[in-house]
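Student: Sharing a structure here in structure tokens format.
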């Protein structure tokens, strides 16, 4: 049986009568189901309100995802040029403004955006540190062609001025709001002032914070909330007087208010910072007692409370109290997160209970199989490795080092990788595995830029060197048979033209490849005088002139200065190069524009006189110039 479809379109003819149904070709089902929309319907254009909501969400997302990190070139070792990954703060603001201008061009009615979108732009400028741009946008918003401002706009601007330490301008805005002379008729409210107050507290400026509270006390206290007092207590903790938070608690009680959980947590943190552990315990008991008396579970201690106490007990080496807190946390209905588990392990390790720390660590690994949020961070592995390295437990340190890569969560920094190698070397030397320790030391010396002899790795390196003997030493000294230290520097210098100086006003981007070979380059002005020396380590701005990245006037010495004195000068000033001028033109160490440079002497010239020359040797620190280290980084360590 054949199915006949009814006609889709009726004939426009007015003549009545029966009409034969028109047969249509069956439509392929795959075409129907693969169509993105029903046949015959056009997609509706998004409304202007929807576009503005999407723009606001886009601005907020860009603000949150701003990336300020800059990395070194991985393909060139020991190169300190900074290259941006993604967008930095200025790039985020530029991207936001580009999308806002595009939205204005698409908008109807003159291209005016609403206040919500512009408030998001203001917040992006403040979070990226561009307060001047935020002020310009604020003036544009409240102008005759602007979208207008509201209380949120003023709150964001006040917060930005507080972060930028432009306190006088913020107080002028607050006074204009108080006098009701501000455009938009904003109302003074605790929420409006607390953003500015929090910025002052974060900066540790309690003098101005207290002045702000005293000036607008009536407004701030009208809500009868403990938010203001919690902010003031946080400010005292950031200052050098954390116990001042206790006086704020007394003020809360005098005002007839009830402290909340944040109030107690802040007070306990102040007691821990002041090493008043007994007072912290007393406030913990008060917290529990008040919660039980009022049947208020919101007052019971949370993970932040116990984490703060664990830090205090760990600092005081009170193992009994640490174990008591751990048992109390595990026996309660408290949700223990990764931060709380990490605090348990750190406190147990600080008290010397390695077995207890391993039990908690095993509990984390066991639960992390079902809860990915409990996967430990690299810091936890390093903390446990620091406990086993002095014991000489090479197997445990090596096992933890290997499992840190696949089992930890988060970014493993270069410093963490280096510390893992150093701890393994320490465990090896404490276990009398000299060959393993020497191999690890060689790897550390080749990869690490520098380390101090007084650091953990420096002390272990000294022990490795002493056990290896002079003939097997990785840091054995070298002598310069071709150089006589009493000779004048003129004998070993390179002529100034051979050093290929660069113009002082040239942009780094145009000559960036020059610094891949040379660690320091002299700069000259239009008259051929040397005006500075730019070092590779200081080349951080590609669009800046070289002179702006130099370290002031160049180090200059007369031609008669001895080589020994010149090298001592280079090491003392931490410079790579000195300029040699004609004797009698100047006093040693100073420079005048009339002094014509004759040549340069650099550490790279000195390294060329040793057999195992490496262009990456930098900043060696040795007492006598006759000895140098075989390895560049090892020389830098001293």
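Residue numbers in this text run from 1 along the chain shown.
Yeah, the Cβs are placed from backbone N, Cα and C, and that goes for glycine too.
Bear in mind that TrEMBL entries carry predicted annotations, made automatically and left uncurated.
So TrEMBL has the following annotated:
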COMPBIAS  19-28  compositional bias 'Basic and acidic residues'
DOMAIN    549-617  domain 'CBS'
REGION    1-50  region 'Disordered'
REPEAT    114-144  repeat 'PPR'
REPEAT    225-259  repeat 'PPR'
REPEAT    260-294  repeat 'PPR'
REPEAT    302-336  repeat 'PPR'
Student: List the helix, strand and coil residue totals of the repeat 'PPR' (302-336) as derived from DSSP.
Tutor: 26 helix, 0 strand, 9 coil
Student: Find the average pLDDT over the domain 'CBS' (549-617) in the predicted model and report it.
Tutor: 74
Student: With helix taken as DSSP H, G or I, strand as E or B and everything else coil, how many residues of the repeat 'PPR' (260-294) land in each class?
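Tutor: Computed counts for the repeat 'PPR' (260-294) are 30 helix, 0 strand, 5 coil.
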Student: With DSSP as the yardstick, break the repeat 'PPR' (114-144) down into helix, strand and coil residue counts.
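Tutor: Residue counts for the repeat 'PPR' (114-144) by secondary structure: 24 helix, 0 strand, 7 coil.
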